[in-house]
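Peer 1: Straight out of Swiss-Prot:
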| type | residues | note |
| --- | --- | --- |
| DNA_BIND | 129-227 | DNA-binding region |
| DOMAIN | 4-120 | domain 'Response regulatory' |
| MOD_RES | Asp53 | 4-aspartylphosphate |
Amino acid sequence: MARRILVVEDEAPIREMVCFVLEQNGFQPVEAEDYDSAVNQLNEPWPDLILLDWMLPGGSGIQFIKHLKRESMTRDIPVVMLTARGEEEDRVRGLETGADDYITKPFSPKELVARIKAVMRRISPMAVEEVIEMQGLSLDPTSHRVMTGEEPLEMGPTEFKLLHFFMTHPERVYSREQLLNHVWGTNVYVEDRTVDVHIRRLRKALEPGGHDRMVQTVRGTGYRFSTRF
């Protein structure tokens, strides 16, 4: 069955182009031109992903994401923001609110499809079984092994979960609260500074291969896992 994608975009030419590209790549697009019509599309069959413009008649994309996250049936639907707002502050705000990725207009159809597929791989249950590799660092979820080249790295279960999350969500900034929700879960009470402790332990575990540099502190915001030093 084709993956169902809700396209929330008020500019008809862009919306129609995106829907055409999605259909050509085997997706099932569903259109919404404003905030209210997008909310009305949130019913069964649920969208597998939402492409969301920042500015909408009747409300903003940020408000729409907050609406999604309040409802148990929609909070886990991945969101890719599709907007002309390209400033770092705007990107960080979108991601911190709950967007899974961010595409700045103008964009190419190939980039759009590639980013959609990347987000869907991250949320797919099958994806968690694949070995993840980045610059000589590999993580195998099945065997619970982390390697730098041919050498195994030792780390605790929480550091492993933290690294797994980072490696499946690279080049994005996450606040301590977001990391707590993703790695520890929303039903566990843990202080924000606990994240700092496990970040230090993770960096220590990654030192033998020099991969500790990939766990980067973003001052005033949180942490990012990046191959760009």
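Residue positions begin at 1 at the first shown residue.
Here the Cβ of each residue, glycine as well, is placed from N, Cα and C on the backbone.
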Peer 1: Within the domain 'Response regulatory' (4-120), count helix residues (DSSP H, G, I), strand residues (E, B) and coil residues, in that order.
Peer 2: 51 helix, 27 strand, 39 coil
Peer 1: Could you give the mean pLDDT over the domain 'Response regulatory' (4-120), rounded to a whole number?
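Peer 2: Across the residues of the domain 'Response regulatory' (4-120) the model's pLDDT averages 88 on the 0 to 100 scale.
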Peer 1: For Asp53 (4-aspartylphosphate), what is the tally of other C-beta atoms lying within 10 angstroms of its C-beta?
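Peer 2: Total other Cβ atoms inside 10 Å, all chains included: 25.
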